[in-house]
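As annotated by Swiss-Prot, active site, nucleophile applies to Cys154. Annotation source Swiss-Prot lists dUMP binding site at Arg133, Arg134, Arg178, Ser179, Asn180, Asp181, Asn189, His219, Ile220, Tyr221, citing sequence analysis. For Asp181, Ala278, the entry in Swiss-Prot reads (6R)-5,10-methylene-5,6,7,8-tetrahydrofolate binding site.
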Amino acid sequence: MTKADTIFKENIERILKEGVFSEQARPKYKDGTVANSKYVTGAFSEYDLSKGEFPITTLRPIAIKSAIKEVLWIYQDQSNSLEVLNDKYNVHYWNDWEVGDTGTIGERYGAVVKKHDIINKLLKQLETNPWNRRNIISLWDYQAFEETDGLLPCAFQTMFDVRRVDGEIYLDATLTQRSNDMLVAHHINAMQYVALQMMIAKHFGWKVGKFFYFINNLHIYDNQFEQAQELLRREPSNCQPRLVLNVPDGTNFFDIKAEDFELVDYDPVKPQLKFDLAI
């Protein structure tokens, strides 16, 4: 059993046994009913990517390529346009969060990255002094929230640090998330930010180090309890999945493509589970 599978099962059990039910929930299912959830607060996990520990479960298939494409949309294109996401990347799951008829998700995610020139500033800081302790991506922009409607960012802060070990520089990353759907989005969010970490490391020719993941509200929706029990019953695959970025060291951050990533030794348990998502 991989570390990710162990953490996955432990988190499911913790939510089912110790969790409390949400009140006055915002999300709704497609039929209009309120999407309540059972949740715990303060969930933390740690993976040493340099030792082959990756935050992806083998208990069900996880769509990695579309998750990586979303990261490129946010941090390379720096866009909130659904047309860009649909046409350039063939990713459509954000369409349910379109704001009115704007063709966008509001001033969120990529729009905030562009507004504050976040990626260029981050890369410049890391180039000038990798050991500075201010390498932070923050998507939490109150002014943007007041200017337009739109889903507030779930994965909203990423911090980066470097370590020199035996002459090699390792890039560590910490992802902070306000809210996370444990069964559906947990490993998607984790792996897409591992991909971002790998892109930045490649830009500088560094090694990937540790990935730290903190979630404030970790939940299972009230229509997912059957799937949760099924996941607990499943025996994990014997594979040891890892994400590989097949570009030379020093490749410019903005030149990396989704096709450059390869998920190696991934043979998840099937069949895939079905989930009715909360919007």
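Using N, Cα and C of the backbone, Cβ positions are placed for all residues, glycine too.
Feature map: Swiss-Prot annotations on the structure.
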residue	record	Cβ neighbours (10 Å)
Arg133	dUMP binding site	9
Cys154	active site, nucleophile	17
Arg178	dUMP binding site	15
Asn180	dUMP binding site	22
Asp181	(6R)-5,10-methylene-5,6,7,8-tetrahydrofolate binding site	21
Asn189	dUMP binding site	22
Ile220	dUMP binding site	22
Ala278	(6R)-5,10-methylene-5,6,7,8-tetrahydrofolate binding site	22
DUMP site span - longest C-alpha distance across Arg133, Arg134, Arg178, Ser179, Asn180, Asp181, Asn189, His219, Ile220, Tyr221, in Å: 37
Using Cα positions only, nearest of the recorded positions to Asp181 ((6R)-5,10-methylene-5,6,7,8-tetrahydrofolate binding site) (Arg133, Cys154, Asn189, Ile220): Ile220
Ala278 ((6R)-5,10-methylene-5,6,7,8-tetrahydrofolate binding site) to Ile220 (dUMP binding site) - Cα separation in whole Å: 11
Nearest-integer angstrom distance between the alpha carbons (Cα) of Arg178 (dUMP binding site) and Cys154 (active site, nucleophile): 5
